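Trainee: As listed in Swiss-Prot for this protein:
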| type | residues | note |
| --- | --- | --- |
| BINDING | 135, 158, 180, 227 | S-adenosyl-L-methionine binding site |
């Protein structure tokens, strides 16, 4: 289905405020949002939201959210051709080395070094090829935590391509439940699990949050990895505490540097303690224990 990009421009501070409001307003809709700097010298930023249907309704909701912010340009629209933009932009990217892992496409199969664990992930509609700072940060943290703590039952919440679930399974040879709210991502995850010969350990399921019978059957987990976004991570903190065994480890990412303290505070309030933070560009990956 073709997409419509709705966008506007302003100086940095109003743009960031607008982006935060839109992120909160459209959180339940799952619409992609983006903010980028167009002109550093003049401090001009552009905020975009992408809609596959009813873009007029989206535009009305945007205006309602943003009426009190001064200095924003009019909302403009741009029709985008029907292209798998993820595959289009990621095709041909070089392999990523993160921790013990060598994440690659089929064109670099067999090029891993001695001691590296190869994971083959093709560009697709599911997030997670290892190139993003959140994914590489999680892979690095998994490489540190798993050999030291020897978990026996793991969860990858918001699995996307299943690269993190596959990494845990290939490194530790333990059962991993990999879930995602998006059925397309779950289908891609299942294909990647088979491709990487991890089906013996990884179970996939389409589930919003912790709402699936598999959780009751598989809990408690002694390792949970969640690479989503800061706001939903904070909201999930009580459920994380219920599903993680005492002494278990939590690896969180999808968190911008300025959101780190807020996320940590949300989990400390649920009885977690912060151990380590990894920084990858503007993103952080956090290791906590219960």
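Counting begins at 1 with the first residue displayed.
Each residue, glycine too, has its Cβ placed from N, Cα and C.
What does the local environment look like for each feature on the list?
Mentor: Counting every protein chain shown, the number of other Cβ atoms lying within 10 Å of the Cβ of residue 180 (S-adenosyl-L-methionine binding site) is 27.
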Trainee: Using Cβ atoms only, which residues of the same chain lie under 8 Å from residue 158 (S-adenosyl-L-methionine binding site) while being at least 6 residues apart in sequence?
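Mentor: Residues satisfying the criterion: 179, 180, 181, 226, 227, 228, 254.
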Trainee: Which secondary structure state does DSSP assign to residue 158 (S-adenosyl-L-methionine binding site), in the simple three-class scheme?
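Mentor: In the DSSP reduction, residue 158 (S-adenosyl-L-methionine binding site) maps to coil.
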